[in-house]
Amino acid sequence: MGESVELPSRLAILPFRNKVLLPGAIIRIRCTSPSSVKLVEQELWQREEKGLIGILPVRDSAATATSGTATSSGAGVESAERGLKNQTGISDTHKHDSKNQQEVIHWHNRGVAARALHLSRGVEKPSGRVTYIVVLEGLCRFNVQELSTRGTYYTARITSLDMTKAEMELIEQDQEFIALSRQFKATAMELISILEQKQKTGGRTKVLLETVPVHKLADIFVASFEISFEEQLSMLDSVDVKVRLSKASELVDRHLQSIRVAEKITQKVEGQLSKSQKEFLLRQQMKAIKEELGDNDDEEDDLVALERKMQGAGMPASIWKHAVRELRRLKKMQPQQPGYNSSRVYLELLADLPWENASQELELDLKAAKERLDADHYGLLKVKQRIIEYLAVRKLKPDARGPVLCFVGPPGVGKTSLASSIAAALGRKFIRISLGGVKDEADIRGHRRTYIGSMPGRLIDGLKRVGVRNPVMLLDEIDKTGSDVRGDPASALLEVLDPEQNKAFNDHYLNVPFDLSKVIFVATANRAQPIPPPLLDRMEVIELPGYTPEEKLKIAIRHLIPRVLDQHGLSSDFLQIPEAMVKLVIQRYTREAGVRNLERNLSALARAAAVKVAEQEHVVPFAKDVQRLSSPLLDGKLAESAEVEMEVIPMGVNNHDISNEFRVSSPMVVDEPMLEKVLGPPRYDDRETAERVANPGVSVGLVWTQFGGEVQFVEATAMVGKGDLHLTGQLGDVIKESAQIALTWVRARATELKLAISEETNLLEGRDIHIHFPAGAVPKDGPSAGVTLVTSLVSLFSKRRVRADTAMTGEMTLRGMVLPVGGVKDKVLAAHRYGIKRVILPERNLKDLVEIPATVLSSLEIILAKRMEDVLDQAFEGGCPWRQHSKL
């Protein structure tokens, strides 16, 4: 570092905005603009270690003196170049806006020659833009004689400002220089000693004081401090070594004094503390800092600031009186008293609540709201129409107390995102309150302040977080609240959702009324049955039964695939999933009502593609002797408008990781072999139903679950026994009664159905009947399996198979009347997903077919049955078994 450097007469110039590189300092930059990339390629990359460039500071005409940092000082090379072109009259070959073209940049007349310690080249994806990361070391000062252009970058005719060896030997004998050197070394040694004592490091830095010339040592030390741009320029202009040493000594001494002040404050605080006062550590430190600064203004006291905050909260008069009374009590308390913190936290909550603050609603545009709903959600026509009606009423009467919408449907159908779309259409803030698993009433109403660890309820806490009194609040999973000895949260929600009562909602912790009438509540649930009737009565239920395969395909193409690619850092340049492959995923790997499993399968394909892309990364080093490095320098963030990013590298660090990575990949197109390799063998096929009903005694039923409609097979068999009925499959009481009714009905009509020769014949004589519902780990209950059970028993006794393309649902009376059931839309959609062609429904469920999409109805044959005989006539090939004689 003590050797002199021979500079050429001309150097390529790289401008730095609001940052100075001093001799001996090391800095890291990232070049992305075309001009800077061209400069690095021609002056450094091709010449390897022999290349030198000039670093010249630049500054805007309106720039003020600011302190530069490693990342924020990333000089905009393009901006500096534009200023040079405006000053020298050179035409701008790049396209910039008119505002930037008028920007004037001032070039400093002195700079520092630098050489590259490390170089790394990279290619950005997907733009293909070439970038360079360069580690530069400052060598010596130079003066600019003439500035000109070479292609797209700039060069300058320079003269070196370094002293010759003879001049340096002469000045080293100057007594003033010797005194300044001693003063600088003494101050630097003291600073190094303090820092090494604090960091508990060895004396490696002290070696610099003995081996590096003192005039170069001044630059190195100053480069490691955070000083203003003006001070950096002043240090750069200090060609006279005595002036340079004087300024460096002043900066080092200033840094040393700041460390001493901090130590003095710390020692003073520690001296005032005792074992009983440790909890006041932060308060004592603040007090000592104020004393050191001479600032003892009581107006900044915490309680005064809290009172000022309460005054600006806009509390109603009655609540303000209560808050002032509580604040008066707090001021009389000592901080070490037990109730001090709880009272202070309570007053902070009162000050933070949005008593008057409300978000300004946008003027409702129903057309724009409808377009947003259509863009965010595919299908769900009835649901979106109801939301538009809700918004239309809000537009005509903004203060209307509309009903609480409750979206009920299986997981993954878009209930939560619909609530978010309502908030966006209204221009209100959105907050989600999860009620799943809540069993404590205090989660809704809050704890009383007399309890240790008390806190407000989720509603008040949510309003505090959102900061407005009129948000759209989503009560998620409202059907999953429970009740125990701690109370019933569902009952506490009655006051919340009742527009006549929630104007003065009383949270136990808050203990003052809060107006919830401005909040728009939206609820979601998987099913409506667990919701208590009084709570359900306060909400308008909107059912989301699920999606057809055609709707799933559209959702996957429009929403899921772009989101999955973005979440995995991919694009269509890396992975392409054809529409035909999405259809196969829907048909063979998912049979859910929503689209979550579909998204999981698409994510699996994206992960497989990500592995392929990641395996194609390369690293190309600058030279053979450059070691591949592993430091986090590449993790630095590039400023939005900056083209050069800089980072000062600490002294003593020689090897840094500046990796050069680029990816070479071709689009991966998903095909059937890849589906089976990534997702495994197909989970479903259209042959399942035919295989399950290949033998007599098996029928196909349709049931409703909290995950949507499902196909349920019912199996019956006979064996030697005493006439008992055995039921398996984790069944509830209702379905057990249905099985008993079905068996009774079949036995009573055995002669009519030609299952027995005479009325005296007992079908169960000498035999037991076993009815099984597969998937025994899943609980089953509900009044919709009666017709399926009868069909299974008739098939068993008649030795005839039920049609494989037919499924059924419905309950029956003891006299054979088929009763209507619920969840018809979910069940029909489930039959459609399983590839079933015929569905038998109770005649009284005809009205429910209006809700089923026309595309689904056109692909199914819907058969309506009034009596059990109608079901049997359609369930068997060739009609009901009573037309033939039984083999019994």
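Note: Cβ is positioned from N, Cα and C throughout, glycine not excepted.
Among the features that TrEMBL reports, domain 'Lon N-terminal' is placed at 11-256.
According to TrEMBL, the ATP binding site annotation covers GLY409, PRO410, PRO411, GLY412, VAL413, GLY414, LYS415, THR416. If you take the C-beta of GLY409 (ATP binding site) and look for same-chain residues 6 or more apart in sequence within under 8 angstroms, you find LYS415, ASN526, GLU543, LEU544, PRO545, GLY546, ALA593, GLY594, GLY708.
Per TrEMBL, domain 'Lon proteolytic' is recorded for 693-878.
Marked as active site by TrEMBL: SER784 (among others).
For LYS827 (among others), the entry in TrEMBL reads active site. Cβ contacts within 10 Å of LYS827 (active site), excluding its own Cβ and spanning all protein chains shown: 30.
Of the listed binding-site residues PRO410, PRO411, GLY412, GLY414, the Cβ environment within 10 Å is emptiest of other Cβ atoms at PRO411.
Taking the mean position of the Cβ atoms of GLY409, PRO410, PRO411, GLY412, VAL413, GLY414, LYS415, THR416 as the ATP site, the remaining residues of that chain whose Cβ falls within 8 Å of it are PHE407, THR524, LEU544, ALA593, GLY594. Among the recorded positions THR416, SER784, the residue whose Cβ has the fewest other Cβ atoms within 10 Å is THR416. The Cβ of LYS415 has fewer other Cβ atoms within 10 Å than any other of the binding-site residues VAL413, LYS415. Listed in sequence order, the recorded positions from PRO410, PRO411, GLY412, VAL413, THR416, LYS827 having a Cα within 10 Å of the Cα of SER784 (active site) amount to none.
A separation of roughly 12 Å, to the nearest angstrom, links the Cα atoms of PRO410 (ATP binding site) and LYS827 (active site). When pLDDT is averaged over the domain 'Lon N-terminal' (11-256), the result is 74.
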